[in-house]
Amino acid sequence: MRQSNIGWLFLAPATLILLVVGFIPFIYILYVGFFDWNTNAVDPTLRWAGLQNYRSLVFDTTFLNSLARTLVFAFFVVVSELLLGYVLARALMADRLWVRQFFRTIHTLPIVVAPIAVGATWRLLCVPGFGIVPYYLKQWFGIDYNISTNAYHAFATAIIMDLWHWTPFVTLSLMAGLTALPKEPLEQAQIDGGNKLQIFWYVIVPMLKPVLLTTVFIRLMDALRSVDEIWMLTKGGPAEATRFIGLHIWINVFPKTDYGYGAAMSLLTLYVTIVLSWLLFVAMTGRKGDAQ
Amino acid sequence: MNSFVKAVGVGFISLGLWSSTALAEDSWWKTAAQPYQGATIRGISESTPASKYVEQVLGPKFTEETGIKVEFEATSWDQMYDKAIKDMEANTGIYDFVYIEQDIVYTYLARNFLVDITKSLADNAKIASPDFKPENFTTFLNYFKDPKSGNVMGVPMEAFIKPYLYRKDLFDDPAIQKAYKDATGADLKPATTHDEYAQIAKFFTEYGADKELWGTTVQASSSHPAAFYEFFESIAPTFGVYNWGIDGTTFAATEANGGQMNSAAAKKALNYWVGLLKYAPPESTSSTWDEVAGTFAAGRAAQGLVYGENAAWIATDESKSTVVGKVGVALPPVEAGVMETAESGKGYIGYYDGGAFGIPHSSKNKDASLLFLQYIGQASVQTDWALAGSRIVMNSTYEDPRIVDQDKKMNGYYTLMREDGKLFAGAPPFPFHAQVLQVVAPFIYKAIVGEIKPDDALDQAATAAEAELVKLGYRK
């Protein structure tokens, strides 16, 4: 009993911080979401709106498009990073790669770069007229690459930038998971005559599932709230082609000062994230409560 | 010996007089700043040539004279607003002075963000500098006065117009003049109409096809409010569409309700402007005001509308510009009748931009900040500041021989600003500036990238603007 009290005492500072920076703001956003509140309105006070903000969201095509765009972006980056990360993890674990350590270090460097710097760097690389990417794409392949006029180019560049930045994280996670796998089941599968694909699908993937699940969740949640990199790269453009949901909410809350509507958007986005994560969890584990 | 003693005596007397005079001159700031010795004031501004001068020169000089430390953050336009507004909204008091761009002052005033400088100095005469005289400023100061009391709420730190810059060397080249005459049948001279401007742009784009030269700059970022500003504040007025096409009384934007945002003139303007993109370098669709200046300075455009804050360095700074000595300055081209309307005071032909420093109500060092704002508002610091940032906020600055000299190197930009500044105007006095901008801008972006036609863009923009104004309670 005494030990239990001491345990709670040690947890108290972290709990208090979580309460202050997590729970209280959440309750506040929940509260504000029921009001019409814009400090630049004729009446800048909070006015009760009930569920009107949520009702408006259902018909707000800009919001819905932004949300859909974000989901597509998240799908592409998470799947691509998982595949690429696995391939790289296996490659970096191979004994024959004599420069393994060197490549491992180089490959990991993007993780330590701040997202804002990543976005700025990619913008310099890709800006039409001056960037080396459009220059060489034109010189070598005759491609008129322009992230400020072509929605597909901008969207694809946003995905590639995210892959460059975060694939190393997936690689490192999977390397840790692969390194920790017991050898016996793999050897047993080989003795039983399993080919490489069968061993991968029926032995490695199930054993790697906890690591995969954690990695996918982290990357999915990060991708759904991408703001800073995208802001620096395209500012959500051209037009609204890369205006992902985080950026859309930011624009509504800060420059537009539409706090009530912005709060409703945030909560709905949070809800979508939770539902998606739960669905993914169920799909990957085949059950509702346990990742094992 | 006697004469030697006399000479020494006179010398000491002179030294004494000189030092006492010098001390007397220095002592006002020191005495006034005495209670705030060791204090630190923090300011934030957009990173412009004028702001950088404050950061690098005026701030340190003020610290040297007063002992008050100045921490100055010169950042991007977006970040500056984001940080300053959040600070003032949350009343955190991080910043003691903030940049107030002319177009946001009405929002700041409506939300009571700013300290009344006139009243504060009247209430505390000990910190009222005899060298700070509001009457010395140009009429640009009026934008920073409270319309109700007439009191000063911000000290102007930069003011400039957005003129038409052209490559004088190209326009004056006999071979090019002949080629232009052969191609168009007209004489090559700075455009006074939109048709002439487009014709010149087309000619230089074809002429410069293998020279990395295009016909015009266009501030048409497809995702930055800079595009909104260029269209509504620099292009639309030259077609006779003022105040973003919003009626200042009824807050109507659609033509059906009495607004002008989707009027025939506005649509003609947007079609013209978007049409210029085919004569502009590829970076134009990602260009804000900074990139437009960079494009012109790199010699990549024959003409363009360029913010005056960049005129000086483009025309005179060889370390940054490849077109030093090659820059011509003129008034923007206009539609027939627009110039006459502007001259009569009923309209305008472009944007009179600039900003001031003001003190947020949340500041924890208001008196020290008042001293700093007066310090930068002295006539004695204006000339060097103008030379560094091509900004003039005081009438006397125009007369300084060094400014007159620089004016010649800039092909008369200051003269144009002084004599024709009255033809330009600041942003409309809308407290809902940012809200309407965020609603309308996406339609301009869509027109830029060709997602929708310019006519449709303005129809949709006007409807959306009105809906926003209804939501905000301005329009019934």
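Backbone N, Cα and C define each Cβ position, glycine as well.
Sequence annotations record features per position, and here TrEMBL assigns transmembrane segment to A:7-31 (among others).
Marked as transmembrane segment by TrEMBL: A:67-89 (among others).
Annotation comment: TrEMBL describes A:67-280 as domain 'ABC transmembrane type-1'.
Summarising the annotation, TrEMBL assigns transmembrane segment to A:109-132 (among others).
The feature transmembrane segment is assigned by TrEMBL to A:152-178 (among others).
Marked as transmembrane segment by TrEMBL: A:199-221 (among others).
According to TrEMBL, the transmembrane segment annotation covers A:259-283 (among others). Long-range contacts of the transmembrane segment (A:259-283) within its own chain (CB-CB distance under 8 A, at least 6 residues past either end) are made by residues 29-30, 32-39, 46, 49, 53-54, 56-57, 63, 67, 71, 213, 216-217, 220-221, 224, 245, 248-249, 252-253, 291.
Below 8 angstroms of C-beta separation, residues 263, 266-267 of the same chain, each at least six residues beyond the ends of the transmembrane segment (A:7-31), sit close to that stretch. Residues 107, 155, 158-159, 162-163, 166-175, 178, 212, 215-216, 219-220, 223-224, 226, 241-246, 269, 272, 276 of the same chain lie 6 or more positions beyond the ends of the transmembrane segment (A:67-89) yet place their CB under 8 Å from a CB of it.
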